[in-house]
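Report on one structure; see the data block that follows.
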Amino acid sequence: MKFIDEALIRVEAGDGGNGCVSFRREKYIPKGGPDGGDGGDGGDVYLVADENLNTLIDYRFEKRFAAGRGENGRSAGCTGHRGNDITLRVPVGTRAIDNDTKEVLGDLTKHGAKMLVAKGGYHGLGNTRFKSSVNRAPRQKTNGTPGEKRDLQLELMLLADVGMLGLPNAGKSTFIRAVSAAKPKVADYPFTTLVPSLGVVRVDENHSFVVADIPGLIEGAAEGAGLGVRFLKHLERCRVLIHLVDIAPIDESDPAENISIIESELFQYSEALADKPRWLVFNKIDTMSDEEAHERAQAITERLGWDDDYYLISAVTGKNVQPLCRDIMDFIEANPRHEVEQTADEAEVKFKWDDYHQAQLADHQFEDEDEDWDDWSEEDEEGVETIYKP
């Protein structure tokens, strides 16, 4: 299945149903009075996270999603049916952004998380709501309000504990194949990895973490060179970044300069991402002796002014890979993910007399009615209700 991590869709909530103007007409019940019902509220549009999805391909071709309109009110005080809600399933890790205002509406980071993205319109009021001591036969009603309509930008950001960084052919995919059951493509040419991939690293029976591999970065990626930096967003939720470096590049490039290139691209993309904990891991030490590998790594770190620890591994042979994984696991357990609790403020429950409808009622000024307040006539048929429409 094709990996799609961005989609632009239009969501339209349902309009509210209109109120009804109706009077009760029944023999032997003089002056039956108003009985027009309220309309129904418009349907809402929700996003819900589904762990069984891993791409936004469902929204590549189908772009418009509309909830149901609320039914109009009816006679006999019948309220219109509420419009049907619609729920759009998206992968866990999806972020919703208003495409016009660029406002981030929220992130869906847990399976089953649900988010309202378009609110349905309010229902209109029937003429029963306008009955008073001085207006016993009201012919007023209100119409329902339009539902929200918005262009929504969906962005999928993978949820992983560890993110892999490095130039093309640094050995990132080989490392993931060595430590997990994931089998990303490995070849001897740049940009073998074209889309992000995830692997689960199981340190022992009770401990595991998720590692994300993204396409390699090159100099100028922030300006769009290579595959650009569009996949760097998948590392924003990682707790630690593993910067994998080819200690002896086949093109004889300088490893210290290669490290500086990645650091520069990170800062140009996001300072927050650049400030994440980053571990330096030198790969492909199987191509030289242990003594030469240590000498090269020490010379590179001294040139960079790197004061933290670093690792020497061979992803092909598996040398020193398990100790690295255990250290990563210890770091993850010592630094649990701090999730912002998105607790929605409990809105005050208001049934029909909410602020909108109070304002609608206040807009109508009534005059004293005459004695023939309900327009009753002996010619009216038995059991017939009169409904007035504008």
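From the backbone N, Cα and C atoms, a Cβ is placed for every residue, glycine too.
As given in Swiss-Prot:
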- 1-159: domain 'Obg' (DOMAIN)
- 160-333: domain 'OBG-type G' (DOMAIN)
- 166-173, 191-195, 213-216, 283-286, 314-316: GTP binding site (BINDING)
- S173, T193: Mg(2+) binding site (BINDING)
- 363-390: region 'Disordered' (REGION)
- 366-384: compositional bias 'Acidic residues' (COMPBIAS)
Task: Listed in sequence order, residues with CB under 8 A of G166 (GTP binding site) and six or more positions away - done: K172, G216, L217, H243, L244, V245, D246, I262
Open item on the list: Taking 10 A as the limit, how many CB atoms besides its own sit near the CB of P215 (GTP binding site)?
Closed with: 24
Task: Rounded Cα separation (Å) that holds between S173 (Mg(2+) binding site) and S314 (GTP binding site) - done: 12
Task: Model confidence over the domain 'OBG-type G' (160-333), averaged pLDDT - done: 82
- [ ] Only counting partners 6 or more residues apart, tell me which same-chain residues put their Cβ under 8 Å from the Cβ of S314 (GTP binding site).
- [x] N283, K284, I285, D286, N320, V321
